[in-house]
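S.K.: Got a structure for you, written out below as structure tokens; questions coming shortly.
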Amino acid sequence: MFKGTTIIAVRKGAKVSVAGDGQITFGENTILKHGAKKIRRLYNGEVIVGFAGSVADALTLSQKFEEKLEQYGGNLKRAAVELAQEWRKDKILRKLEALLIAVDKKDTLLISGTGEVIEPDEDVIGIGSGGNYAMAAALALRYNTDLDTEDIAKKALEIASKICVYTNNNITVETL
């Protein structure tokens, strides 16, 4: 079983950044890859997704989400709700172990493994093994510094990588 990842989304003003670490872990004690890319731009670069969980499952869900974005003209919320409904109804999709964070210029959404779509109260959301560490760090930085979203996301992941053994500091950041 592949596990471990940290993904963080940070929104501030008109900017939103999504960052992820690069580590893929197999079992409890084997690092298979240090430089994996877990952040993707979709729908002509207007949407950014970050995924955590089983690698194959996360890629499958990311692909399904991209199809829904195309089907619904880039409407992030509609695509997320439609994906969640399909996720809950489909016997194969229900077994997938993954989480997605999806952002566009207006919205930040968490699409959960139970087929739920959650719009966070805060301008920061984290998922994966180091998600809570990164989220706490990002919230502190977001409200107490003048750093921009890219710097907050990167610094939050650096902090999480010092705490979570399933998170490394090989960080990818995408910004809208």
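FYI, residue positions are counted from 1 along the chain as it appears here.
Heads up, the Cβ atoms here are built off N, Cα and C, so glycines get one too.
Not my notes, these are from Swiss-Prot:
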ACT_SITE  Thr5  active site
BINDING   Ser161, Cys164, Thr167  Na(+) binding site
S.K.: Here are the recorded positions: Thr5, Ser161, Thr167. Which has the lowest count of other Cβ atoms within 10 Å?
M.R.: Ser161
S.K.: Measuring CA to CA, name the entry from the binding-site residues Ser161, Cys164, Thr167 that ends up nearest Thr5 (active site).
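M.R.: Closest by Cα distance to Thr5 (active site) among the binding-site residues Ser161, Cys164, Thr167: Thr167.
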S.K.: Quick one: which residues besides Ser161, Cys164, Thr167 have a Cβ within 8 Å of the Na(+) site's Cβ centroid, in sequence order?
M.R.: Thr6, Asp21, Gln23, Ser129, Gly130, Tyr133, Ala134, Leu157, Ala160, Lys162, Ile163, Val165, Tyr166, Asn168, Asn169
S.K.: Look up Ser161 (Na(+) binding site) in the DSSP assignment and reduce it to helix, strand or coil.
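M.R.: Where Ser161 (Na(+) binding site) sits, the three-state DSSP reduction gives helix.
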S.K.: Identify, in sequence order, the residues in the chain of Cys164 (Na(+) binding site) that are 6 or more apart from it along the sequence and have a CB within less than 8 Å of its CB; answer 'none' if there are none.
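M.R.: Spatial neighbours, sequence-distant, of Cys164 (Na(+) binding site): Gly4, Thr6, Ser129, Gly130, Tyr133.
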